[in-house]
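For Asp109, Asp317, the entry in TrEMBL reads active site. The domain 'Peptidase A1' annotation in TrEMBL covers 91-433. The annotation signal peptide is assigned in TrEMBL to 1-23.
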Amino acid sequence: MTKQPIKMQKLVLLIPALLAALAINSCCNAAAAPVRMQLTHVDAGRGLSGRELMRRMALRSKARAPRLLSSSATAPVSPGAYDDGVPMTEYLLHLAIGTPPQPVQLTLDTGSDLVWTQCQPCAVCFNQSLPYYDASRSSTFALPSCDSTQCKLDPSVTMCVNQTVQTCAFSYSYGDKSATIGFLDVETVSFVAGASVPGVVFGCGLNNTGIFRSNETGIAGFGRGPLSLPSQLKVGNFSHCFTAVSGRKPSTVLFDLPADLYKNGRGTVQTTPLIKNPAHPTFYYLSLKGITVGSTRLPVPESAFALKNGTGGTIIDSGTAFTSLPPRVYRLVHDEFAAHVKLPVVPSNETGPLLCFSAPPLGKAPHVPKLVLHFEGATLHLPRENYVFEAKDGGNCSICLAIIEGEMTIIGNFQQQNMHVLYDLKNSKLSFVRAKCDKL
């Protein structure tokens, strides 16, 4: 998600009520510490059929790219209708804020920076199962002053509001027109196994609108900007390891990992540069060079995946389920894949944006060609389960290529299942290796 400027009038009206409800304490400086956090997939434990799970992931993936691109589009980009109750989120991050800790669950988003949650007193809020964060119940809560370092971390997001006292406020919106406005808070954040970090800046959302249907309380920005959680903790790296989306086991996020990161890996560690795009400094770009289907390196020029004057390029994204490719590249992958699979193609009106084939319900798994992504300095040989989705519905069985046509190249989280993916922020590199993520 990308931020957009929004107006602050509503916030100005809310600040006096907020200040009356809070006891303001002294704040601490943020400190980095190795921490572990738990993730759950938004569809885990819902009892969904394979076909329904696939449909939901495809819908989310199709809607995600326009939201990422909308801030740079020359004309407004519409993500299309998406009001059938399917959650927009992919993964929820579980942690707690304050002393004593108050639990929150935030959307993990490598495509945005701000960390925020809904707070009391909430004027406009979406539904959530957890109580709103209540600053008046926390002994470690503080409001940063307008001239503080925290308030100046990102001037495009924060501003000073003059009321009874000067208050550091924020305004943040996303490409899908979801938005949050409120005040900046400095607090202690608690992670798994009791680890806690004081002095973390996050947004206390008082007026929150948009598409929030995943039982989240807010969003955890993991982008490259100064307000993101990795940036605030001043960690040299972070990693995630997504378990299979069809299961129920939680996934893991780790901060500031030691040198033996890949001791539980299941192959050779691959490393490729992280590319910066000044036009979209939040996103993590990669240098994708080509794609192989079966034994055929597709005739796609490297320029098809490259950044051009701030547009295009290849993004790795936690918030996209299925990898998307630009139309010409997708058609080449589609046709080469279909040429290898000796099964009837399922009509597109039954499978949405995915290429699917009717498969026998019993017996040996049908043959599919290998799929390889070639990055600068690294090669990702995708395991079958990371690009083929097998769905059974009654006596019918289908196998689908878990890649969609989109407006740009985005590497989705389905392709990252059971991969330990490390974002080396200090050295601007991305490393990955196959792993048993439920054992990490």
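Backbone N, Cα and C atoms are what each Cβ position is placed from, and that goes for glycine too.
The Cβ of Asp317 (active site) has 24 neighbouring Cβ atoms from other residues within 10 Å, across all protein chains displayed. Cα-Cα distance from Asp109 (active site) to Asp317 (active site): 8 Å (rounded to the nearest whole number). Averaged across the domain 'Peptidase A1' (91-433), pLDDT for the predicted model comes to 91.
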